[in-house]
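Q: My structure is below; once you've seen it, I'll send some questions.
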């Protein structure tokens, strides 16, 4: 079983669970909150049918006169006038609302200039409340609704009259009648759901934008655009944006929501298509999906502007385009899945629920569900599901890429380190020693302090190879390297320069101390036990020492130390020779020879 098969099963299981929860929510919400248009009786808090209507010229601001209503036919020629409705609260609340059950009218935002509501009481008194586009005052509620609460009195409300000034389409008007207690509970619940969804969308939007900047992939960019657009749409539709921008209340919010919804569908289409590699998807399907996404986005521009005329016709065209877009994107994911695309297999789980929800709201009227949230709250929750899923998947993919990158970097670092190491002994090679020498020299130049170079050569090593074989010689080299590595540290760097030659760069020592250190190296290496390899034969070393001046380069220091080394060899081996500039012990003491003194003695001879 592959990881993709396991992921597919988990995906289908999770999607099934979510759809099951959605079905359960629908089953619970239907009998409690739904109000079908053709039902003769409604439960408390149901949607209001509006059979009795009137159309009048837009009255003056203080005009409270109520027109004559007709309860047959459909309203006509109202888009530049006022459209009235009359509601009988007794019919919709089941009992005459008294002082403990004052009715509350919830009106969904749509494209109209103003809304006025009159509550008429049994004693004939009338109370009016009004809002207009750009100023909802304290009437707005989460979920794209406006609340009109009847003032509590000792007498019951007998009639409710509502007037919409210049509504764009009667089909878009939705009203709910509830008691004050129902309104409080539903508004709180809806606000909690919307707030949670918008918070998750905001976090996902920020994450996707940061991911798009780091990954620089088209899919991540479109996904980030989609998440931000959905966040903006949710904030405007829910009216939480009115906290910051109260001037967009009303028609402006409704029109802006239309544009944002169309752009979100377009961005979602681009995100789904660009997530699939080209070799897994037919070009014609890719282009068809992109074309449909562009059409949906472009159609959102006139739909967000139109206030009269063919608004519903354009809405029907948009619905068909959205359905076609869903079908084509589903075909893209299906084909890519069949061809073995890992992206399609992963992202199908993310897109399945939003696509099902979009298709559902095109065929099924769920606007009367979920405390007035209707299809919008379902779409918002589906969008939250999708963006969270993709954020998790993208995080996993990004994590794998980072892991692969870290492994590659580690491998490259190991390769660089191996290039600077001697394969036989594991010590640095010449290149590695130079790389370690440079920062030590920089520190000396910046802060001062002594720096020395020791070049170590095994005496008569060729005879070991000739007598015991090269394998024995290699074992001797490894044994000496193991002892030399004990001096490796922050102040001392050890290397094998090649053949039987080693080197040490030591900081903090000069003069007598440096010479003493070199002799301790000579004695320690000479004391190494090689009996298991070459019997009782002794292995000694000669060492050349050079004091490094700040202006020197490595080759200059090496030339001096190498010259001292050859002098040590010439002087009888198993000894330390110090290049000019160092201050050793005078004469020859315990293997120390001052190179300057030796040169002087040679000159005398």
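Glycine is no exception: its Cβ is also placed from the backbone N, Cα and C atoms.
Annotations in TrEMBL come from automatic prediction, not curation.
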Q: Under TrEMBL, the annotation transmembrane segment belongs to which of these stretches: 133-154, 155-176, 221-242, 397-418?
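A: Result: 221-242 is the stretch TrEMBL calls transmembrane segment.
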Q: Which one of 71-93, 94-116, 370-392 shows up in TrEMBL as transmembrane segment?
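A: Matching range for transmembrane segment: 370-392.
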Q: Can you tell me which parts of the same chain pack against the transmembrane segment (221-242), counting only residues 6+ beyond its ends and a CB-CB cutoff under 8 A?
A: 109, 136, 140-145, 194-195, 197-198, 201-202, 204-205, 208-209, 211-212, 248-249, 253, 256-257, 260-261, 263-264, 267-268, 270-271, 274, 376, 380, 383, 387, 390, 394
Q: Tell me, roughly as an integer, the mean pLDDT over the domain 'GGDEF' (449-581).
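A: That stretch averages a pLDDT of 92.
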